[in-house]
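Engineer: Mind having a look at this structure? Questions to follow.
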Amino acid sequence: MDLFLFSMVVIIYTLAMVGNTAMVFLIWADAQLHTPMYFLLSQLSFLDIFFTSVTVPKMIAGFLFGWTSISFVGCGAQMFFFMFLGAAECLLLALMAYDRYVAICNPLHYPSLMSHQTCLLMVAASWLGGSINASIQTALTLQFPNCGSRRITHFFCEVPSLLRLACADTAAYERLLFVTGVVVLLVPIVFITTSYALILAAVLGMHSVEGRQKALATCSSHLTVVNLFYGPLVYTYMLPASYHSPGQDDVVSIFYTVLTPMLNPVIYSLRNKEVTGAMKKVIGKCGVGRTA
């Protein structure tokens, strides 16, 4: 069983790294993809590269060599970067929904509303929000005294699993965790839902069938990524502890730490003619270079 899990995790992690790295490279290399939408998409892939690398290499080493221990400092660092990158991705997905809203509902004002400076501020805001969230939750989680064997039935240091080791009353902190979840998860979800409700109304009013299909294809890709990422996080960080079990938490954590980062570039590339066109051009250039 361990060999099977090890093989699956290695394959999925490799695909996630290759897919997201290729997406960043394509967007950087092709001038036609130098637009706000693809800039934000490259940042999403960039975040996914590091987000999955925070936990998966340690997980792979555990399967391969049986390394199941981690130092207190290492656990804190792993939890901080996991929370930091996860929250930053949540905020970035909401900002990507705003980009699609402006592009479809206010196309004449798109160049001014989504300037390069605005895009940089959006990315900086998502990174800042993620770092603040991670700093608060990591500091509060690690302050609780641990008891027992200090062993967690989980693949990595995550807040819900660490709280099970606490010898103190964590009820107040769990309420704070819920409030943080509302800010980091539910507020962006409401923002995304509102943006896409307005987008849907605008798309249904379009006279061009081709324009409607292109808008729906782009937006459906983004909504698919949003559902894959937010769903497991809402389960993990917003449902009360009584609804959790170690086995379920393991499956859910594997989903959003490994599977979702692997699927993101696939979802965006397969349903996007501009990305597939850029990929064909790069492959064509490589083929010409080998022939020469």
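These residue numbers are counts, starting from 1, taken along the chain as shown.
Glycine is treated like the rest: Cβ placed from N, Cα and C.
So TrEMBL has the following annotated:
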- 6-28: transmembrane segment (TRANSMEM)
- 19-268: domain 'G-protein coupled receptors family 1 profile' (DOMAIN)
- 49-73: transmembrane segment (TRANSMEM)
- 79-98: transmembrane segment (TRANSMEM)
- 119-136: transmembrane segment (TRANSMEM)
- 178-203: transmembrane segment (TRANSMEM)
- 215-239: transmembrane segment (TRANSMEM)
- 251-270: transmembrane segment (TRANSMEM)
Engineer: Which whole number is the mean pLDDT over the domain 'G-protein coupled receptors family 1 profile' (19-268)?
Structural biologist: 82
Engineer: Verify whether three or more Cβ pairs under 8 angstroms connect the transmembrane segment (215-239) with the transmembrane segment (79-98), leaving out any pair fewer than 6 apart in sequence.
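Structural biologist: These two stretches do touch.
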Engineer: Quickly jot the same-chain residues contacting the transmembrane segment (215-239) by Cβ under 8 Å, restricted to those at least six beyond its ends, or write none.
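Structural biologist: Distal contacts: 37, 44, 86, 89-90, 93, 96-97, 100, 104, 158-160, 177-178, 180-182, 185-186, 188-189, 192, 196, 199, 203, 206, 249, 252-253, 255-256, 259-260, 263-264, 267-268, 271-272.
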